[in-house]
Amino acid sequence: MAHNLLQGKKGIIFGALDENSIAWKTAERCVQEGAEIVLTNAPIAMRMGEINKLAAACNAPVIPADATSLEDLNNLFTKAMEHFGGKIDFILHSIGMSVNVRKGKPYTDLDYDFFHKGLDVSALSLHRVLQTAYKLDALNEWGSVVALTYIAAQRIFPDYSDMADAKSLLESISRSFGYHYGIKNKVRINTISQSPTRTTAGSGVKGFNGFISYAEKMSPLGNATADQCADYTVTLFSDYTRMVTMQNLFHDGGFSFTGISYPVMEQMEKE
Ligand code: NAI
């Protein structure tokens, strides 16, 4: 059900690859809530993905940008402002990739070129996006930026490997930039720490089936879905959360604060 929470707002959505993507669901929800959006993804992902289908459904232009390229980001923000005829109110950063995870490299045998690449794509890209917007003065006062993260930034999940370090850095950048953009322009910046979710990026992690069902059993409300994540993100883009900034917000059905649950205890007692 829509409530026009984003009526009149304009936003850029990074990271819709296919209909399972968290960014895909968020794009749809933002438009249902009255927003106008621009979609973007890395040029290579757009060739593989189905973004044009989403663009047609959302009546949104697609402007390719590799989030590690300042040139691409400059072009994206400039074109987006031309398209909207003004500044931007919200940004979703829904980007993650680790070559080490993709290639199954264990944490104790990382390739450092891959590690650099992973940090650049998954974490520094948020800084690049924010710095580009800041320098172009592309965001309206009370604008809102959300980036997606995972609890492996705080606790060890062995097969999440170097993505855990990338997520820690991502959360730190959102906090640090949140200060600077807050005092400049009242822009708020937060991360949402989402439950494991079946998407291309999620399913790439070794043992994913194990930890999605473990998280389901550990969370009093069960795992949060991509659609529910989209709903939560809409609230953060709306005017109802104007004073929330520099936070890492767990959207995980209670997983992060559960020590043990009855289903997991029962499972352990069988051993
Ligand atoms: P996804 O695979 O659908 O989305 C990842 C996106 O990153 C893709 O659209 C991909 O094209 C984009 N991307 C990769 N390199 C890029 C680059 N250089 N420039 C621009 N875009 C680039 O998967 P999902 O799960 O929707 O991922 C979105 C975010 O949610 C990621 O940050 C991920 O780490 C995070 N997340 C995912 C969870 C899960 O279990 N699926 C749990 C918690 C957080």
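Here the Cβ of each residue, glycine as well, is placed from N, Cα and C on the backbone.
In TrEMBL, annotation is done automatically, which means it is predicted and not curated.
On a predicted model such as this, the values are computed, not experimentally measured, just so you know.
The NAD(+) binding site annotation in TrEMBL covers Gly15, Ser21, Ile22, Ile95, Lys167. The active site, proton acceptor annotation in TrEMBL covers Tyr150, Tyr160.
Feature map: TrEMBL annotations on the structure.
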residue	record	CB count, 10 Å
Gly15	NAD(+) binding site	25
Ser21	NAD(+) binding site	26
Ile22	NAD(+) binding site	26
Ile95	NAD(+) binding site	25
Tyr150	active site, proton acceptor	27
Tyr160	active site, proton acceptor	25
Lys167	NAD(+) binding site	25
Remark   = Among Gly15, Ile95, Tyr160, i.e. the recorded positions, the one with its Cα nearest that of Tyr150 (active site, proton acceptor) is Tyr160
Among Gly15, Ser21, Ile22, Ile95, Lys167, which are recorded as binding-site residues, the nearest neighbour of Tyr160 (active site, proton acceptor) by Cα = Lys167
Query = For ligand 1, which among the recorded positions Tyr150, Tyr160, Lys167 have a CB under 6 Å from it?
reply = Tyr150
Task = Name the secondary structure element type, per DSSP in three states, that contains Ile95 (NAD(+) binding site).
result = coil
Note = Between the two most distant Cα atoms of the NAD(+)-binding residues Gly15, Ser21, Ile22, Ile95, Lys167, the distance in Å is 18
